[in-house]
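I have placed the structure first, in the form of structure tokens, so that the comments after it can refer back to it.
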Amino acid sequence: MFKVLTRSCNLLLAQTIKHSTCTTVNLYSTIAAGALTRLKMSEEKPIIVFVLGGPGAGKGTQCAKIVERFGFVHLSAGDLLREERAREGSEVGALIEDYIRNGKIVPVEVTCSLLEAAMNKSDKNKFLIDGFPRNQDNLDGWNRQMSEKVDFQFVLFFNCSEDVCVDRCLNRGKSGSGRSDDNMESLKKRIQTYNNDSLPIIKHFEELGKVKQIDASPSSDEVFSKVEEVFVQSGF
């Protein structure tokens, strides 16, 4: 399609040069160049960085800093699911609530559809996908539905001890996070799910050389200094 449009634009310019004034030539040249630029931009795939780590590892905090510093759009799989759960008239709201409350992973078709819709609504081209893929089913579903549509860069992995993660989540709950899973009962299930299902996904990407690991235990500013190095070295 790009080659066809290029030939058409060149023909249009040749005809214009033959029959029109310099002003008209410049006008058509600008229009043709703009058309080619828009087509090229439309063919660019969204740039994707997966952000993974245990509950309470600080993924959301660090994503906010990356957005401000590097101009990414932060898409939290968990936030999108919670928004859909709360949306009046949602056909999958009750299903999402049941999975979240029990520390289980929501079916991949639901999550991928919400992520894709959010990307399509955005006018930007760089996305942090926070908390996804969380298990093999997530990864397989993503590969089926999205892998050919995006430019995947790497996994940003926030590695943090279980004790620190639990303390952060409980304090977040006490501070009024409004999250139904910021309690000890749900946390135990979430951590078990993370250890059983998510860590193997991180190891899979490690074998592909696609993981940038960050120690998430220090303060958020200290952690971000390391995050910043990763993104700068990656060309952002």
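Using the three backbone atoms N, Cα and C, a Cβ is placed for every residue, glycine included.
Under the heading ATP binding site, TrEMBL lists Gly56, Ala57, Gly58, Lys59, Gly60, Thr61, Arg172, Pro218. All chains included, 25 other C-beta atoms sit within 10 angstroms of the C-beta of Gly56 (ATP binding site).
According to TrEMBL, the region 'NMPbind' annotation covers 76-106. Across the region 'NMPbind' (76-106), mean pLDDT in this model comes to 89.
Sequence annotations record features per position, and here TrEMBL assigns ribonucleoside 5'-phosphate binding site to Arg82, Lys104, Ile105, Val106, Gly131, Phe132, Pro133, Arg134, Arg179, Arg190. Arg82 (ribonucleoside 5'-phosphate binding site) has a Cβ environment of 19 other Cβ atoms inside 10 Å.
Sequence-distant neighbours of Asn138 (CMP binding site): residues of the same chain at least 6 apart with a C-beta under 8 Å from its C-beta are Ile105, Val108, Thr111, Phe132, Ile201. What TrEMBL records for Asn138 is CMP binding site.
The two recorded residues Thr61 (ATP binding site) and Gly131 (ribonucleoside 5'-phosphate binding site) have their Cα atoms spaced 13 Å from each other. Residues within less than 8 Å, Cβ to Cβ, of Ala57 (ATP binding site) and separated from it by at least 6 positions along the same chain comprise Phe158, Asn159, Cys160, Cys165, Ala216. Within the same chain, the residues at least 6 positions away from Gly131 (ribonucleoside 5'-phosphate binding site) whose Cβ sits under 8 Å from its Cβ are Val51, Leu52, Lys59, Ser76, Ala77, Gly78, listed in sequence order. Here the Cα atom of Gly60 (ATP binding site) is found 14 Å from that of Arg179 (ribonucleoside 5'-phosphate binding site).
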